[in-house]
Amino acid sequence: MLNNVTDGEEGDGGPNSQGDGNPKESSPFINSTGSSDVEKSQQYDGKNMALFEEEMDTVPMVSSLLSSLANYSNLTQGSKEHEEAENNEEPRKKPASQAPQLGTVMGVYFPCMQNILGVILFLRMTWLVGIGGVLGTFIIVFMCCSTTMLTAISMSAIATNGVVPAGGSYYMISRSLGPEFGGAVGICFYLGTTFAGAMYILGCIEILLIYIVPAAAIFKMEGLEGPEAEAALLNNMRVYGTIVLSLMSLVVFVGVKYVNKLALLFLACVIFSILAVYAGVIKSSVDPPFFPVCMLGNRSLLSKGFDVCAKTIEQANGTVTTKLWKLFCDSEFLNATCDEYFTNNNVSIIQGIPGVTSGILAENLFGTYLEKGDLVEKRGLPSYTDPDSPLTNLNRFVQADINTFWTLLVGIYFPSVTGIMAGSNRSGDLKDAQKSIPIGTILAITTTSFIYISCVILFGACVEGVVLRDKFGEGVDGNLVIGTLAWPSPWVIVIGSFFSTCGAGLQSLTGAPRLLQAIARDSIIPFLRVFGHGKANGEPTWALLLTAGICEIGIIIASLDAVAPILSMFFLMCYMFVNLACALQTLLRTPNWRPRFKFYHWALSFLGMSLCLTLMFLCSWYYALVAMVIAGCIYKYIEFCGAEKEWGDGIRGISLSAARFALMRLEEGPPHTKNWRPQILVLVGVDAEQNVEQPRLLSLTNQLKAGKGLTMVGTSVEGTYLNNHPQAQKAEQSLKKLMESERLKGFYQVVISSNLRDATSHLIQASGLGGLRHNTVLVSWPRNWKQAEEHHRMKNFIEIVRETTAGHLALLVPKNISAYPSNGERFTEGHIDVWWIVHDGGMLMLLPFLLRQHKVWRKCKMRIFTVAQMDDNSIQMKKDLMTFLYHLRLDAEVEVVELQDSDIAAYTYEKTLVMEQRSQILKEMHLTKNEREREIQSITDVSRGSIRRKHPTTLRTQQSTGDESAAGGAEGKPEEEVQLLQGKNATPTPTSPTSPTVPTPGCTTPGEEVQMTWTDDGDKGKNPAVAHPDNIKDMFNMKPEWETLNQTNVRRMHHAQKLNEVIVKKSQEAKLVLLNMPGPPKNRMGDENCILSVNP
């Protein structure tokens, strides 16, 4: 039987929890939470639902669920209505809208046709065939059409997997790959659509000024040649382009309904223009049109400046020269001095459109790539040139205006196959979007691909090569080549292409602002939110202004051939991510991936993605890099700002799969010593309000990690899971906010247990997953552990030390953590002192190196102190240590401190005595646990007064360094370094590889610094004497005092005292002191000895 888990999934604290008060997206109804139990019982009375009536608040009946799903309506415009529930915004009241009526043909097929067939077909297709040849252009068309077909298959799968509201590809990508990818690619798609509008406007102006009304040019081109004529043309394009852009923007601002009314007219122009071209091709096979081209040798002449294609003509009174003669000679007489090439070559007339049956296809099969300024020449015609004579009168011939190469043609052609998203953008107007979008889009691409491929072959078979390579028709009286081929009149193509480009420009200026508005309303890019607002009817006014401004950039470029590769980059990047989204969803097999369109495969999507990437770099590698940089910057910006949306994207699935794979690899074996780094578990405490008590622990962790490696922050809540789950959630939020404020990247975990000691133990044992586990525990020194009410902190701390030692974990114990610097502080100078007493696998050497990577400690210098006994060679130890640091590639000052062998002080004996006798007394008194803790504290308080009372004589004790449990010095094996154990010469006493980090802030006085590190001997006179010391005297007399002392404990206390004196003396001015901490005693009765030996 399956239990209901909705409460747990929604994060409710139990059956009585009311949640956050907001309906979830997965819930199709909102039930009243204020009804009484009587009302509920009456509501479900007689419905045979008594078994589930307690769950009716959160789980709907199937009948209500099906009713909600059946009445769901997909709205057409804007993203706000589709995301109201997610954004928690109040929905607007809208009048009842008419049911969508568009089918596959009118709703998808014709809009895609209108967007795909456009300016490139009418203005550049013949030139592409002439430059690239039939074979080269066929490869370009086939690659581009294959790319769009594969993209359409991927798009169909995504579009039929759910609802696609206004926004088209942006919604597909953002809901499949997440807000970061969605925002980046959405902006690229927006820029592509905006530059497409600029390209259509430039095409419209080119048709107007060159083929319809050349006299309307503001900057006159008559009499200008070469660069001057080119500059005049570009200036005319800029002026008229700006005027047309302003008019189109005004039309869009006034109302989109006027654009939609003209859409049918624009579509009719495109269809009739295509039909006219095919009719002209058929007619040319029977009766080719008269289309003469004047040639001088094998060079095509400019048609302006002469009327007769001949050098001389015969008239009644003799032979006279023509205007063409005057262009190449210095006078009109037959004995004039003429251009050498003009003299040596004949003038001839060739048929510009010989027809399909002429066999010209073989001549146009291969490409003819030209450099800027090269002359357009015909293969096969005789031409006599003197290689030693300079070229003259080049401005009389048709020349190439740009450098041409195959990859340039790819970038110019690709915009002609864009527009495949037109159907998916209209999903709200379709009767059955999941049926119409795949069929209509694929059918439109198939049709347009056939048109483009057939036009490549037919143009190569019908039109002369010099005419094809004449981009602006300069050698054929400025006629549009494809218009001359068309039937019944060239004006069908000229007028049709003019209106189709105007319509395409209007469509771009209509769609681009709405796409930007959809991105802005998703609030994934904060600085774009202003563009989500518009007029009262929802028209994106601000987005339209920005779109017009960006479009003006394309107008200023003024060259159709320069603008086309720019928008190719953005469209190709958009299509690439559509394919990527489909491939990832297919490979990851997410449960929600159930598209109705079944004819897709991940291999096809990857092939489409590869083609898009290839075409990007074929078109222009530097434009491709710029587009990728723009997308990358937007991606990182959204990631940095923190995307507020969560759409269940495929990138999360990739992360999950990659994490699983990486964890399985980590399980294969322990990490090598070279790969070891501290993976820290930070143990923090929370107060009654579930706020973190030691926030500076996270600051220290950030300074140690600098954002690298694994960091886990754990805390515990006392109680039971059922009753204290809300407190645990509140503690999680506190940890999350604190980690965000400290910019600490990692994980947080809260454990609920009836005992805080057990909860801490569970965190140490169970934190992490698989091979991704912590190897270091960071916990602060127990506060106020000498006070009776806080004595449990000492016990818990000792248990943590024991557990980390048993688990072969490193333990970092910072004392006085509140005095540590925050992440915003900076030390301009100072030292980090390392007291290397026993070998710990290199942990002490690694800590200052890690800290100095952070800007807080970057300017601090590192000093290393090591302790030498009387029989050690201090000079040799210093040399060896410097060599060791050199091999470790660490820069540090080295000092060897000789710890003099001296008499054991009476204070040491007395303190050891008090601790041992206290343990024995409590054992014999058979006190309860609470009573024993209180008695321990009282004995501790009188211990220093007892010292002043007894005044024992000074005793000398033989100290053997070999007996010290902290005396290991040899380097361990690699695995021992990983575990951070002692060297192999250590005594059997378990010594924890722990390193307490002790700060000495520069803002305090030396006396305060001593108090923060170790307790000075002078403190023994500061504690107040007990009121009745005689009451304690009898307890001290219960056992012999000096003779029965544990000599090991005496030596430990003595060594701690001497070491403390040296550290205080040498490191008084240090910013931070790092040293080894001895391990816990085997005998649990010696816990107090352990603490006092660490903190004497």
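Just so you know, glycine gets a Cβ as well, placed from its N, Cα and C.
The range from 170-191, 478-499 that TrEMBL describes as transmembrane segment is residues 170-191.
Within the chain carrying the transmembrane segment (542-560), a Cβ under 8 angstroms from the stretch's Cβ atoms is held by residues 119, 123-124, 191, 194-195, 197-199, 201-203, 206, 234-235, 237-238, 241-242, 245-246, 249, 252-253, 509, 512-514, 516-517, 520, 530-534, 566, all 6 or more beyond its ends. Same-chain residues lying 6+ beyond the ends of the transmembrane segment (442-468) with a Cβ under 8 Å from its Cβ atoms: 104, 108-110, 112-113, 116-117, 121, 125-131, 133-134, 137-138, 141-142, 145, 148-149, 152-153, 156, 274, 277, 281, 284, 291, 293, 295, 300, 350-356, 358, 360-361, 363-365, 368, 376-379, 398, 416-417, 420, 423, 475-476, 481-482, 485. Under 8 Å from some Cβ of the transmembrane segment (599-624) lie the Cβ atoms of residues 143-144, 146-147, 150-151, 153-154, 156-157, 407-408, 410-411, 414, 565-566, 568-569, 572-573, 575-576, 579-580, 582-583, 586-587, all in the same chain and six or more residues away from its ends. Over the domain 'SLC12A transporter C-terminal' (695-812) the predicted model carries a mean pLDDT of 86. Broken down by DSSP into helix, strand and coil, the domain 'SLC12A transporter C-terminal' (695-812) contains 61 helix, 24 strand, 33 coil.
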